[in-house]
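The annotation Zn(2+) 1 binding site is assigned in TrEMBL to A:Cys497, A:Cys500, A:Cys537, A:Cys540. Annotation source TrEMBL lists Zn(2+) 2 binding site at A:Cys506, A:Cys509, A:Cys524, A:Cys527. Summarising the annotation, TrEMBL assigns domain 'Helicase ATP-binding' to A:269-435. The annotation domain 'Helicase C-terminal' is assigned in TrEMBL to A:521-686.
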Amino acid sequence: MYAKVVVDVNAKRVDKLFDYAVPEQLTDILTVGMRVVVPFGPRKIQGYIIELVDEMHDKPLKSILHIQDMTPELNRELIQLSEWMQQTHIAKRIAVLDIMLPRAVKGKYHKVYRLEEPESISDELYPMFSQNIVRINTLSADDIKALQPYIKDGIVTEDVEVKQQQKVKTVKAVECNVSNLDDALDSLRSDKQKSCLMMIYDEGMLTLKALKEQGYSSAVVNGLVAKNMLKKIDIEDNRDPYRHRDFVQDSKKILRDEQQTAYTAIRQAIDEETHEVFLLHGITGSGKTEVYLQTIADVLDKGQSALMLVPEIALTPQMVERFKARFGDLVAVMHSGLSMGERYDEWRKIRKGEAKVCVGARSSVFAPFDNLGLIIIDEEHEASYKQEDYPRYHARDIALWRGDYHHCPVILGSATPSLESYARAEKGVYRLLTLTKRANQFPVPSVNVVNMRDELAAGNRSMFSEVLASAINDRIQKGEQIVLFLNRRGHAQFLLCRDCGHVPNCPNCDISLTYHKATDELKCHYCGHKEHKPLTCPNCDSEHIREMGIGTQKVEELIYQHFEGAKVIRMDNDTTSRKGAHEQLLEKFKNQEANILLGTQMIAKGLDFPNITLVGVLNADTMLNLPDFRSSERTFQLLTQVSGRAGRADKEGHVIIQTYNPEHYAIQYAKNNDFLGFYREEMSYRKIGKYPPYYYLINLTFSHTDMKEVLLESKHIHQTLLNHLSPSSYVLGPAPCAIARINNQYRFQIIIKFKSEPELLKALTYLDDYYYDQFVKNKFSLSIDINPQMLM
DNA sequence: AGCACGCCGACT
DNA sequence: GTCGGCGTGCTC
């Protein structure tokens, strides 16, 4: 018997299966999906068993050294999925496996010295070994030098210890080891030991901690262990991040007609175990979540599991609470706030079948359920479902694959579906379910678009239009709450010389430097370059060099200047980077500790506070003007999303959108809450521009320090693509990227637009292989983004 | 990737 | 003569 193994080496050259002999003693234990340690050249590394072959190999093989775990980390589905991803996403198998598994199982390598002949070593060096082994990282350079002669003589050998990042947490416990209780009790003298044994006999097993709390000291327990009546064992302990929280049991709510229709349709697919994809298009507050909860309940009743994906940012305590309240301990929650160990424990709860529901962000789409009955992707249109760095994947694609594998329905839910999904629903590929009414029957908020050009003409040069300023004052007086939205991440301010127009740029990248007030420095967000803020213009020496572009931090200052009685909570990358900060700030706002919540996109979701009656969008244009074909869609989604924050309770909500482009269709349709209108108009532009959903896109970005090199290679790439693709496809470019140089690397891109190209993956795989060698030799790098979310 | 091998230059 | 620089090639 031999095994096909993926080795833990992240390199293209070894991105294949290696065959290893299975040693006699492992033949019965070894299963597919297990992690093993194998010799690899002169090294010793971790690997995953992909396949076991029950035949003799024609060549002599090296042998698997040992196994890393008793239960396989991967199941057959994930192995199959990883192969599919490797082929369709042009990614290395090991890189795919790495993102599918919790980081805790990733191999960790330590070089160790092993003392082979303890009697032959000097007395000074002997103490540094414990059990004849010492780790290299605990030794000083001098120690290592002193060991060298012994290594030469074979008294000490070098070895590698392969461990995982994080261990399974265990607690000490004892289990009962007697078959006849009465006989055992008769032989005991101590009453304490007798009652202790009886208790454990009843329970089968108890932790030492629990016994201590019952008044049985370790002396009592150890006495029984010595008599072989109890056996010490280690049991797994779960780090449950929510163990200190109590959740109020929540029960089903009655569904209204639209919800009921949607529920019935999904229910049927669940019962029939068909892989049907539903697009649940429901406006904010229409009760999508209740539909999710009830369909999940049905899946659980059938003895199956359910997976629910939400954007990271929407994974708020309120959301988690709702699931915990309905399904209790059956829920595993996975988000970025968990420690590596907590994440691993949640993962294992799912794998062992203890958790039947998983609520989590993007990477949870790989949750190791083996009997999935339903997959839900909430806020289906969110860009965060696409992993933007290698290996690039879209959670929606993975969910659809898994839905097909498990023969289970997939629900894509959104108030503003992506054009791709809605178009598929129109074509009948997905089944459209619509929720048009707010569950609580509250009126949709009124939306007011303010033309900032008029404000400027009227002499108002501040951030706040007349309408918005008076509305803010009004709400402050009434004691109501306000959400202000500034679509500028962090505080991307730059410097501008008012005399000569000079903007300080990064010396390594073609982008302006960002001003950071906290450190009074100019920073480049792409390469990390930093410099002190100049006092005068580096170009003309003028003193009129000013900060331009307003960030959240600046707006906070302005609010305090303009509005009496304002109390602001600011939420952006700077104030929420600390663990739990996001939650804390929202809690403060909920408790009315502030009347204005000011933030970036992160506040567009998940807040559901009754006292918010005004939502202001300070500048709707920043996103609209990005050079990307999805900018209108993103703007429409965001404005709709933000507007949904107002007037959810008995007070009427009001939304004010400030813009320099009031007539833009994305803003107008958002104002009128008209998804379908927006969809139709945007689709017509996509058709003319040959963009998704009419065409699929591939974005190839390549870079090198020498521009000539980039231009030369880009011709080769372009020609290769033309040779492989049919005439109905378009190969655009090469053209410089929106940021043409990053870290002194010149960047160009080629965009492929196509409808159907059976040979495309082959061509891309060829390019990926070819340019991997080029990268090794020449530092020319190529990255391939299939179905890009952004073209920048 | 990471390790060994190998082939050149500048040191005791 | 040999220590060490990093180019090349291989890993079941």
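Glycine residues also receive a Cβ, built from the backbone N, Cα and C atoms like all the rest.
Comparing A:Cys537 (Zn(2+) 1 binding site) with A:Cys524 (Zn(2+) 2 binding site), their Cα atoms are 18 Å apart once rounded.
Note on the domain 'Helicase C-terminal' (A:521-686): mean pLDDT across this stretch is 85.
Of all the binding-site residues listed here (A:Cys506, A:Cys509, A:Cys524), A:Cys506 has the Cα closest to the Cα of A:Cys497 (Zn(2+) 1 binding site).
Highlighted in sequence order, A:Arg498, A:Asp499, A:Gly501, A:His502, A:Pro538, A:Asn539, A:Asp541, A:Ser542, A:His544, A:Ile545 have their Cβ within 8 Å of the centre of the Cβ atoms of A:Cys497, A:Cys500, A:Cys537, A:Cys540, the residues recorded for Zn(2+) 1, and are not part of that set.
Per-site Cβ counts within 10 Å over the binding-site residues A:Cys506, A:Cys524, A:Cys540 peak at A:Cys506. Cβ proximity to the Zn(2+) 2 site centre (mean Cβ of A:Cys506, A:Cys509, A:Cys524, A:Cys527, cutoff 8 Å) flags the following additional same-chain residues: A:Pro507, A:Asn508, A:Ile511, A:Leu513, A:His525, A:Tyr526, A:Gly528, A:His529, A:Ile742, A:Asn743.
Taking the Cα atom of each, A:Cys506 (Zn(2+) 2 binding site) and A:Cys540 (Zn(2+) 1 binding site) are about 18 angstrom apart. Straight-line distance linking the Cα atoms of A:Cys509 (Zn(2+) 2 binding site) and A:Cys500 (Zn(2+) 1 binding site), rounded to a whole number, equals 21 Å. Cβ-based neighbour count (10 Å, all protein chains) for A:Cys527 (Zn(2+) 2 binding site) stands at 17. Within 10 Å of the C-beta atom of A:Cys509 (Zn(2+) 2 binding site) sit 21 other C-beta atoms, taking all shown protein chains into account. When the binding-site residues A:Cys497, A:Cys500, A:Cys537 are compared by the number of other CB atoms within 10 angstroms of each CB, A:Cys500 has the fewest.
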